[in-house]
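As structure tokens, the structure follows; a few thoughts come after it.
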Amino acid sequence: MATGGNSLPSPSCADDKKRRVSYYYDPGIAPIDFGKEHVMVPARVAMAHSLVGVYGMLGDMRRLRTRPATEAEIRRYHSPEYVGLLRDLTPESYANNASLRQKAQEHHGIGVGGDADCPAFARLWEYCRGYAGGSLAAARAVVDGASDIAINWSGGMHHACHAKASGFCYVNDIVLAINELLDCFRRVIYVDIDAHHGDGVQEAFVDSNRVMTLSFHRYDTKGCRKWFFPGSGDVDEIGKDTGRYYSLNVPLDAGVGDDEYHKLFKPVVGKAMEVFQPEAIVLQCGADSLSGDRLGGMELSVRGHAECVSYLRSFNLPLLLLGGGGYTINHVASTWCYETAVAIGKERELPDEIPRHGYELFYENQGNKLHYRTSPAPASKKSSNTAETTKGKVLEHLSEIKAAPRVQFQKRRGNAAGVDNGDL
């Protein structure tokens with residue numbers, strides 16, 4: 001796998017292929033049930049964790065303590081009224097309390113209809129606190145210098161808004177983690193490779209010049225093709241006020257594959273790194289951009305998706321890897337397992353044949369291989385021309401940034417990472 005980038009080996013590890021990696025896994029998240037017909041299946045994180053274990057990688061990482069986020073920590077971004085609703089909402093209270101149900105539906109996007117994107121399910125508050133706590137712990141691990149890279153595959157809920165659930169997302173752990181990083185780092189870049197636009201994160205920092213948001217996503221307009229959620233993320237969405245040109249979007253056609261994707265990804269990310277000069281990176285690794293996803297409609301391979309992780313890793317800056325979308329759960333688990341190996345520096349050591357580990361039946365339809373066969377991406381002159389036009393516009397927006405913003409503050413240090421070197 002080519003890494004790109006222009007960085008030197010990490011000074012923290014004697015082996016220049018390795019990195020100090022912290023890893024978060026909360027077994028309480030896997031049993032969460034969005035509903036029988038819902039496409040969001042949190043058990044995919046347990047599947048990824050099981051693969052990471054059977055491939056022998058848990059001993060290569062430090063375990064982040066499983067401390068749920070507190071109500072105060074979640075309120076650092078989300079409104080008190082919305083947080084109170086999440087805390088108090090249960091399937092029973094939703095069914096029996098008419099005023100609570102009305103507030104949840106009309107004001108906060110929860111539980112509208114039998115096929116709700118964001119249902120009121122059992123242990124909702126515990127679920128939100130769990131994945132948000134993981135992203136906060138990951139942020140603290142890199143803030144305090146305990147790790148070069150920190151991973152929370154249960155996080156990455158990029159659609160959640162200040163006072164509203166959206167797109168299967170309730171608490172925006174990404175925003176919480178970035179705010180934690182901003183206490184220490186002057187500039188943070190957020191890169192999103194989910195099939196869907198990272199609208200909630202963009203909105204949170206739309207007027208900031210300390211956070212650059214850069215989203216690569218499928219974008220279909222209502223006027224010419226079937227609309228694709230959330231409908232935002234046009235190339236001309238560039239932020240506002242002080243944050244003008246710090247919100248960047250790379251809209252993509254359905255069916256885009258590895259080659260075309262990276263002809264956009266690497267030049268755009270490389271230029272953003274050069275111009276913005278971030279001190280930390282957050283990468284949302286939504287796996288619905290993989291070939292064969294139930295919702296995404298894109299055609300990235302496991303290696304093509306992981307190439308984004310490898311490229312950003314090569315800049316040797318503190319790096320957070322978070323989950324996100326992904327609705328063909330065996331593909332999600334394969335990819336996040338492989339990307340864990342990329343983070344550590346062991347991806348070339350992983351056999352393609354998946355070892356026996358208890359979830360074998362889930363991988364039968366991909367030949368029990370980590371790298372399953374992908375569909376060929378449709379090539380067309382029109383799509384190639386569109387991609388070049390998009391790249392040109394994004395690079396033009398980046399050229400408007402004349403110098404990285406300077407920030408004066410006292411960097412925070414201390415042992416707040418919550419690292420546990422015990423058994424994984």
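From the backbone N, Cα and C atoms, a Cβ is placed for every residue, glycine too.
On a predicted model such as this, the values are computed, not experimentally measured, just so you know.
For reference, TrEMBL has these:
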DOMAIN    38-341  domain 'Histone deacetylase'
BINDING   Asp117, Gly167, Tyr327  substrate binding site
ACT_SITE  His159  active site, proton acceptor
BINDING   Asp194, His196, Asp288  divalent metal cation binding site
REGION    372-392  region 'Disordered'
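Checking the recorded positions (His159, Asp194, Asp288) against Gly167 (substrate binding site) with a 10 Å Cα-Cα cut-off leaves His159. Of all Cβ atoms in the protein chains displayed, 21 besides its own lie within 10 Å of the Cβ of Tyr327 (substrate binding site).
Put simply, Tyr327 (substrate binding site) is 6 Å from Asp288 (divalent metal cation binding site) when counted between their Cα atoms.
Taking all protein chains in view, 26 other C-beta atoms sit within 10 angstroms of the C-beta of Asp194 (divalent metal cation binding site).
Excluding Asp194, His196, Asp288, which define the divalent metal cation site, the same chain contributes Ala195, His217, Arg218, Gly286, Ser289, Leu295, Gly296, Gly324, Gly325, Gly326 within 8 Å (Cβ to the Cβ centroid), listed in sequence order. Residues Asp117, Gly167, Tyr327 make up the record's substrate site, and a Cβ search at 8 Å around their centroid adds Val39, Met40, His159, Phe168, Cys169, His196, Phe229, Leu295, Gly325 from the same chain. In terms of Cα spacing, the recorded positions Asp117, His159, Tyr327 that come within 10 Å of His196 (divalent metal cation binding site) are His159.
When every Cα pair among Asp117, Gly167, Tyr327 is compared, the largest distance found for this substrate site is 13 Å. Listed in sequence order, Gly109, Ala165, Ser166, Gly167, Phe168 are the same-chain residues six or more apart from Asp117 (substrate binding site) with CB atoms under 8 A from its CB. In this structure, the C-alpha atom of Asp194 (divalent metal cation binding site) lies 11 angstrom from that of the residue listed as 'active site, proton acceptor'. In the predicted model, the domain 'Histone deacetylase' (38-341) shows an average pLDDT of 95. For the pair Tyr327 (substrate binding site) and His159 (active site, proton acceptor), the C-alpha distance works out to 16 angstrom.
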